[in-house]
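> Below are the features I grabbed from TrEMBL:
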- B:Arg51: L-glutamate binding site (BINDING)
- B:Trp112, B:Thr162, B:Asp183, B:Gln206, B:Asn248, B:Thr249: pyridoxal 5'-phosphate binding site (BINDING)
- B:13-361: domain 'Aminotransferase class V' (DOMAIN)
- B:Lys207: N6-(pyridoxal phosphate)lysine (MOD_RES)
Number of protein chains: 2
Amino acid sequence: MSSALTDSAQQRVFNFSAGPAALPLSVLEEVRDELVCYPGAGASIMEISHRDKRFVDLLHDAQATLRQLLGISDDYEVLFLQGGAALQFSMIPANLLRGTGKTAQYLLTGSWGKKAIKEAKKEGAAESIYDAGETNYDRLPAAGDYQVADDAAYLYYCSNETIQGVQFTDEPACPDSVPLVSDASSDFLCRPLDISKYGLLYACAQKNAGPAGVTVVVVRKDLLQRSPADLPGYLNYNNHAEADSEWNTPPTFAIYVLGKIAKWLRDDIGGLDAMLQQNQEKSQTLYQVIDQSNGFYRGHAQTEARSLMNVTFNLPNDDLQASFIAEAAKHDLTALKGHRSVGGIRASIYNAMPVEGVNTLANFMKDFAKANG
Amino acid sequence: MSSALTDSAQQRVFNFSAGPAALPLSVLEEVRDELVCYPGAGASIMEISHRDKRFVDLLHDAQATLRQLLGISDDYEVLFLQGGAALQFSMIPANLLRGTGKTAQYLLTGSWGKKAIKEAKKEGAAESIYDAGETNYDRLPAAGDYQVADDAAYLYYCSNETIQGVQFTDEPACPDSVPLVSDASSDFLCRPLDISKYGLLYACAQKNAGPAGVTVVVVRKDLLQRSPADLPGYLNYNNHAEADSEWNTPPTFAIYVLGKIAKWLRDDIGGLDAMLQQNQEKSQTLYQVIDQSNGFYRGHAQTEARSLMNVTFNLPNDDLQASFIAEAAKHDLTALKGHRSVGGIRASIYNAMPVEGVNTLANFMKDFAKANG
């Protein structure tokens, strides 16, 4: 392993897991150092009450750092919830669609959007107005490919489809009258966003923002008036908003780690502009190897839809794919197997994947292609 | 601090928090040591996929240890979910009541039971058949105080009410035809149980079983046939059962810690019989100080309803209570303030609270009574 990594990282690999995924080493080291005794508490952060001032301060701090990074105004709530994206698939239509008599419209650009609309249909009228299934979700909608109704309950899309490796570069076109809802689970905090374009944006943490077990929901306050009073209490955004994410015991440890990662992004990386630049460079490094491999590596996503976060590609055959994964592991490059529903190789290169890890993979890919091409 | 605690614990206090609560020091130290590199993974346990064999093995191991500790047969599922007890308040009636045409019956012995029935009423017919509210939840039902209908959807109770400090010593009487449902959040694993008496038993982890963010649900498999197909996916127990708690990304770190605590209980403590004995001794130590204080300390719970986990009591006046808390903190005895809805003092002495912590508190209480009585 490289000398750039610190002592405690001697055994560490470059981990390309799609999620839960690599976290910043400096954050892990801080968490380790505070694990038994959180400073001033005489106890682990896991052991203190969520109502303890130390934890409440830490929760507020995590919210404030996210607001600062993304420029989130007071028109929006920032909530920390449990249940992952899977629970949001239901909570969003339960709060924003149920009982409205309107239709929610969905853009389907991959596996996660498909899961989301399935749950929405249980709560009310939901329809897909774009579905790239015919080309196995390798692309994004072009201008004119879909039409959003002016009175839609909301327009839903997944900004980055981890399985297919397809990412929107900008928000999809949407009338001002329709709240835009984004599943940003796998590209949250990878770049600056104009939050004012969104009605609701959410992300489970375990890609760019923290460990599994906490989900960030950023929601425009006026939309919360839509929530039916008879929703299961946990599913009603208003309960969480009114209680500042302490309607019940929140996942305290996960929020604590998320707060540290947000600070790492702000202070060590230098904010989301700097993060975007690094993400562009990292992804470009890998896509270049693919494009210059004379067809040995074949990218799944169309060029203009390529994800900054998940680089998906195939090799000429299954044997070579298996051999690629096995050889890569010998170079401490792990978790490269594509999702079972797509196959091939997937290199997830979220914010915390060091440039060095991407360069090491790129060099390995070149060598492997030369030896086997 | 005592010499019995290890080096890394030099700054640690005796933490009587009601939850999130004290965890075994040896578990915290293990977690710390593995935090940056989980053995063999080259990555933190927080960074590896929930589908990685290492994590799947760890999840299965945690399930197996719980089955072993509690003697849980194959007739039951052991699920690891998110959303805490608050989500179970809704999931239980959503799965076991909704659409049955039956009535769910609730025994209300404290604050948590009251919260639970409120959510149940949104899902179907639910009624309380015992409510100790008139005496501010200081007691348990006596024989004949309630009657369960033979065709009730289920009988629900909370085995330990943390806020009032009231705990059932045995399961409440319940006809064989009616599934018994228990919120065991705050006394799970404090003693052996005969799981075959239960239809469903659940516990959020942050008292005896782990950090906040994971909830254990033990449910008899045949009951899962009741779940309506149109439930929000996350709320349907069948989804989690069929996917072995990986229907979506589970809270991996919390499950990892829970598994370690279960092993600590089995291997270091010696199982639930030994744990019960220790818990009886610890609680007896404090109740004895209360009973021998000539009325200086007044226990909230009736003697026969006293909790092994949460010792609740009042002092002669608010000034003395404030002074008690402040003085205790100087002796590194923390988080003793009672819940805002009851007031007074609450010493939560879950499994991981060392005997030494209880003895230190007992001595402090005697000294304080002598000085102020």
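Note that Cβ sites are derived from N, Cα and C of the backbone, with glycine treated the same way.
Not measured: the values here are computed from a predicted model.
How buried are these features, and what lies next to them?
Mapped onto three states, the DSSP output places B:Arg51 (L-glutamate binding site) in coil. Counting only residues at least six positions away in the same chain, the Cβ atoms of B:Glu246 sit under 8 Å from the Cβ of B:Arg51 (L-glutamate binding site).
Taking a C-beta cut-off of under 8 Å and a sequence gap of six or more, B:Trp112 (pyridoxal 5'-phosphate binding site) has these contacts in its own chain: B:Ala85, B:Cys158, B:Glu161, B:Thr162, B:Ile163, B:Asp183, B:Ser185.
Secondary structure from DSSP puts B:Lys207 (N6-(pyridoxal phosphate)lysine) in coil. Spatially close to B:Lys207 (N6-(pyridoxal phosphate)lysine) yet at least six residues away along the chain are B:Ala18, B:Gly19, B:Ala21, B:Thr162, B:Ser185, B:Ser186, B:Asp187, B:Phe188, B:Met309, B:Ser348, B:Tyr350, judged by Cβ distances under 8 angstroms.
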> For B:Thr249 (pyridoxal 5'-phosphate binding site), what is the tally of other C-beta atoms lying within 10 angstroms of its C-beta?
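Taking every protein chain into account, the count is 22.
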> Of all the binding-site residues given, B:Thr162, B:Gln206, B:Asn248, which residue's CB has the most CB neighbours within 10 A?
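The residue with the most neighbouring Cβ atoms within 10 Å is B:Gln206.
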> Starting from the Cβ of B:Asp183 (pyridoxal 5'-phosphate binding site), draw a 10 Å sphere and report how many other Cβ atoms land inside it.
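The Cβ of B:Asp183 (pyridoxal 5'-phosphate binding site) has 26 Cβ neighbours within 10 Å.
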> Name, in order along the sequence, the recorded positions among B:Thr162, B:Gln206, B:Lys207, B:Asn248, B:Thr249 with a Cβ closer than 8 Å to any chain A Cβ.
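Near chain A - Cβ to Cβ under 8 Å - we find B:Gln206, B:Asn248, B:Thr249.
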